[in-house]
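Copied over from Swiss-Prot, here are the features:
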ACT_SITE  D62  active site, proton acceptor
ACT_SITE  N128  active site, for ring-opening step
ACT_SITE  H130  active site, proton acceptor
ACT_SITE  E135  active site, for ring-opening step
Amino acid sequence: MKIHVVNNQVEGATVALDILREKLNGGTKVLGLATGSSPLEFYRLIRESDLDFSDVTSVNLDEYVGLGEESDQSYIHFMKENLFNTKPFKQSYLPNGLATDVVAETERYNKILAEHPVDFQILGIGRNGHIGFNEPGAPFDGQTHLVELAPSTIEANARFFDNPEDVPKQAISMGIANIMAAKTIVLMAYGQEKADAIKATVEGAVTEDVPASVLQNHDNVILILDQAAASKLV
């Protein structure tokens, strides 16, 4: 792992943008994208940049079950608001949170991922070490699947909803094996609340109890952390 410790999210986003620009210049054609607060500044810098994605495909990590584009809290809505409306891609794929047959939807998405191997994957990390919506205990060999969200994840995401009771309890997520197939992974984490998860990811045992710890087994992982998130690293 390569670790960049930065002073704030803008500085972290600048580091990530520089890496992305280098990869695009080197022929990257498929981006794996994440939602949540960690990549917001990164997406802002992309919107303000001269980068062109007309020949680039994107695939997103996950989507809430039961939410579609009309919902402000769906991830398709998030991506359109924060990136796609300004920087359209050749193709953009997300799981369909309104699919009536979730098993068929996971199979459809796995096929998309097989057809579009990810060159550059952006990740955040949950306080419990989840990546995507792969909660503790998720198998390292897992593919796209239906997830029962952990209480800590539901609690963490409640701030995005007017009514905490409206937070979805399920999601469709890429599996850990899907994530690990990316050629380059850039994980961004900011804030003291992420410090324990980062320590376990970087310095702990590789265990399914800490999903992000599997990144120790990847050949090209870059962590972008602020000083608070990095504060417990030795």
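Cβ from N, Cα, C; glycine included.
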Around the Cβ of D62 (active site, proton acceptor), the count of other Cβ atoms that are within 10 Å: 23
Residue pair E135 (active site, for ring-opening step), N128 (active site, for ring-opening step) - Cα distance, angstrom, rounded: 8
Euclidean distance between Cα atoms of D62 (active site, proton acceptor) and H130 (active site, proton acceptor), Å: 12
N128 (active site, for ring-opening step), number of other Cβ atoms within 10 Å: 19
Where E135 (active site, for ring-opening step) sits in the secondary structure, as DSSP reduces it to three classes: coil
Conformational class of H130 (active site, proton acceptor) under the three-state DSSP mapping: coil
Inter-residue C-alpha distance, D62 (active site, proton acceptor) and N128 (active site, for ring-opening step) (nearest angstrom): 17
